[in-house]
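Enquirer: Structure incoming, see below.
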C-alpha cells in the first residue's frame, strides 16, 4: 500500500473518536498525514505543537502496528492545499451520525470541485465513540469531570493539568 491520505481537523484535543478514525485509516493506506488546522481567529486549548505531540504519542504505535507511516503537520490554509503538499490522493473523514454526513457531503463536494484528484473516504465511527466530540470533552474537563472514557490517557492527564484548580 503506497497510497497517502490526509486527515484534517483541529484535534483540540485528540479524542478516542479521532483515534478510531486514525486506526481505520491506517489499515487502508501506506501513509497517513494528520493535518492540524491552525486558524488565527480561534484560541485553542492546546497549541498546535502540543496537539501534534499528543497525536504522535497516541497514534504512532497504532500506525506502526497497522504497517502505516504516520506524519503530523499543521496547515493554515485550505485542506486541499495541505493534501496537495502532502501528496495525498485521499481525504479521510470520520462520520458519527447523519448530521455529520450532511456536513461532510457538502465539504466533500467543495473539496472535489477544488481538487478533483483527491477522493474523500468516509469512515464510520465505531459504536463506542460515536457520541464523543472534542467540544464536549473540553467542557467536561473544564467542569472537573472525568474525561478518561473519551480520550487517550495522556490527553486526560494533560486536560486535568490544564484545568487543575490552584
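Every residue gets a Cβ built from N, Cα and C, even glycine.
The following feature annotations were taken from Swiss-Prot:
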- 10, 42, 79, 93: substrate binding site (BINDING)
- 10, 11, 18, 94, 95, 96, 104, 129, 130, 131, 132, 133, 134, 135: ATP binding site (BINDING)
- 18: site 'Transition state stabilizer' (SITE)
Enquirer: What is the interatomic distance between the Cα atoms of residue 79 (substrate binding site) and residue 104 (ATP binding site), given in whole Å?
Expert: 13
Enquirer: If you count other CB atoms within 10 A of each CB, which of 18, 42, 93, 130 wins among these binding-site residues?
Expert: 18
Enquirer: Could you round the CA separation between residue 130 (ATP binding site) and residue 93 (substrate binding site) to a whole angstrom and send it over?
Expert: 14
Enquirer: Within 10 Å of the Cβ of residue 104 (ATP binding site), how many other Cβ atoms can be counted across all chains shown?
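Expert: I count 18 other Cβ atoms within 10 Å of it.
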Enquirer: Could you tell me which three-state DSSP class residue 79 (substrate binding site) falls into?
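Expert: Assignment for residue 79 (substrate binding site) reads helix.
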Enquirer: Cα-Cα separation of residue 18 (ATP binding site) and residue 42 (substrate binding site), in Å?
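Expert: Between the alpha carbons of residue 18 (ATP binding site) and residue 42 (substrate binding site) there are 20 Å.
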Enquirer: Around the Cβ of residue 95 (ATP binding site), how many other Cβ atoms lie within 10 Å? Please give the count over every shown protein chain.
Expert: 17
Enquirer: Determine, using Cα-Cα distances only, which of these binding-site residues is closest to residue 42 (substrate binding site): 95, 104, 132, 134.
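Expert: The answer is 134.
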Enquirer: Nearest of the binding-site residues to residue 93 (substrate binding site) by CA-CA distance, picking from 104, 132, 134?
Expert: 104
Enquirer: Taking Cα atoms as reference points, rank the binding-site residues 95, 104, 132, 134 by distance from residue 10 (substrate binding site) and give the first.
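Expert: Nearest candidate: 134.
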